[in-house]
Amino acid sequence: MENGDIPENANEHCPGPQSESAGKSDACEGCPNQQICATAPKGPDPDLVAIAERMATVKHKILVLSGKGGVGKSTFSAQLAFALAARDFQVGLLDVDICGPSIPKMLGLEGQEIHQSNLGWSPVYVESNLGVMSIGFMLPNPDEAVIWRGPRKNGLIKQFLKDVYWGELDFLIVDAPPGTSDEHISIVQCLDATGVDGAIIVTTPQQVSLIDVRKEVNFCKKVGVKVLGVVENMSSLCQPITDFKFMRMSDNGEQKDVTQWVWEYMKEKAPEMLNLIACTEVFDSRGGGAVKMCNEMGVPFLGKVPLDPQLCKAAEEGTSCFANKDCVVSAPALKKIIEELIENNGWLMLLSNGA
């Protein structure tokens, strides 16, 4: 639209928020947006030109989204970055979860600081081909709360996009906050001119999470961002049976640890059981989970990742689950999802072309 998108609650003959007469014409009288339109800057945003120039060296941009917090979105973003870097891609991970920046912790970069050069802000590097940027590197105290309104958050996102010098990247992974807030609109608008490959949406199986994921899918459709697929995280609790503790409950509710007795019993009576993986559902998935939702909304389902204590441990330690021999449940599931993403989107060509 020539004069910008018309707000849904605008008056009938709205001239458009980018018009010179926005907020000033007779048609604007009584409009709830009148004051905002009258004072907002008009014309193209000069920052978008700088962002487009900076993003020209980034081949692919992937958003990682979730409808709710606590579903493992940042864990997935971190492990996706580790996996792509392990395949010799040049990878950047941008944390725009301004109020909850957990990426520095999950990449083992706590306590690191941002440095500036004549080329701009320098990312903090895990490896030579894996750089990270987050507001977490800018906080003097990790316990300090970031209490910012939308405009200030959006200003920092713009600054990250136009001032960080990534160099040549195959992938820029953007870890966004949960929901569909200012930050999401800002990142999509800022990257619109340079193109976004799409979004990966992370959810858990229960309806409480899927209700909000449906909103996330609709957000992507409205702003023109392709949904690369949905990942169902924490689909069930899975771990080797030897990693479990076994307790006996007494009549008065006290618990007694009988793990050693169970192990000795299995070794003697059923040693083949020691190699089993035990699984149980944590969340109610009787509604069909993410698979059913994807079928109904016409978006790809990428796969399920179990709730694995070893993956949680890798996230706490800031390490790759793929380099951890104990991640026998989650690592194969994540690897399959990431390999499918690479294959379905033709990203393997980056390596075959010497990128």
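A Cβ is built for glycine as well, from the same backbone N, Cα and C atoms used for every other residue.
Here the structure is a predicted model, which means the values were calculated and not measured.
What TrEMBL says about this one:
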- Cys14, Cys28, Cys31, Cys37: [4Fe-4S] cluster binding site (BINDING)
- Gly67, Lys68, Gly69, Gly70, Val71, Gly72, Lys73, Ser74: ATP binding site (BINDING)
- 1-27: region 'Disordered' (REGION)
At a 10 A cut-off on CB-CB distances, which of the binding-site residues Lys68, Lys73 has the highest count?
Lys73
I need the nearest neighbour of Gly72 (ATP binding site) among the binding-site residues Cys14, Cys28, Cys37, using C-alpha distances.
Cys37
Looking only at Gly67, Gly69, Gly70, Gly72, which of these binding-site residues has the biggest number of Cβ atoms within 10 Å around its Cβ?
Gly67
One of the binding-site residues Cys14, Cys28, Cys37 has its Cα closest to the Cα of Gly67 (ATP binding site), namely Cys37
Count the residues of the region 'Disordered' (1-27) that DSSP assigns to helix (H, G, I), to strand (E, B) and to coil, and report the three numbers in that order.
2 helix, 0 strand, 25 coil
Including all protein chains shown, what's the count of other C-beta atoms within 10 A of the C-beta of Ser74 (ATP binding site)?
28
For the ATP site (Gly67, Lys68, Gly69, Gly70, Val71, Gly72, Lys73, Ser74), what does the 8 A shell look like? I mean other same-chain residues with CB within 8 A of the CB centroid.
Ser66, Pro178, Val202, Thr203, Thr204, Ser209, Asn233
Within 10 angstroms of the C-beta of Cys37 ([4Fe-4S] cluster binding site), the count of other C-beta atoms across all shown chains comes to 24
State the Cα to Cα distance, in Å, between Cys28 ([4Fe-4S] cluster binding site) and Lys68 (ATP binding site), rounded to an integer.
37
Students should find that the Cα atoms of Cys37 ([4Fe-4S] cluster binding site) and Val71 (ATP binding site) sit apart, in Å rounded to an integer, by 37
Same chain, 6+ residues apart, C-beta under 8 Å of the C-beta of Val71 (ATP binding site), given in sequence order:
Pro178, Val202, Thr203, Thr204, Ser209, Asn233, Met234
Applying a 10 Å Cβ distance cut-off over all chains shown, what neighbour count does Cys28 ([4Fe-4S] cluster binding site) have?
21
CB neighbours within 10 A of Cys31 ([4Fe-4S] cluster binding site), counting all protein chains shown, number 19
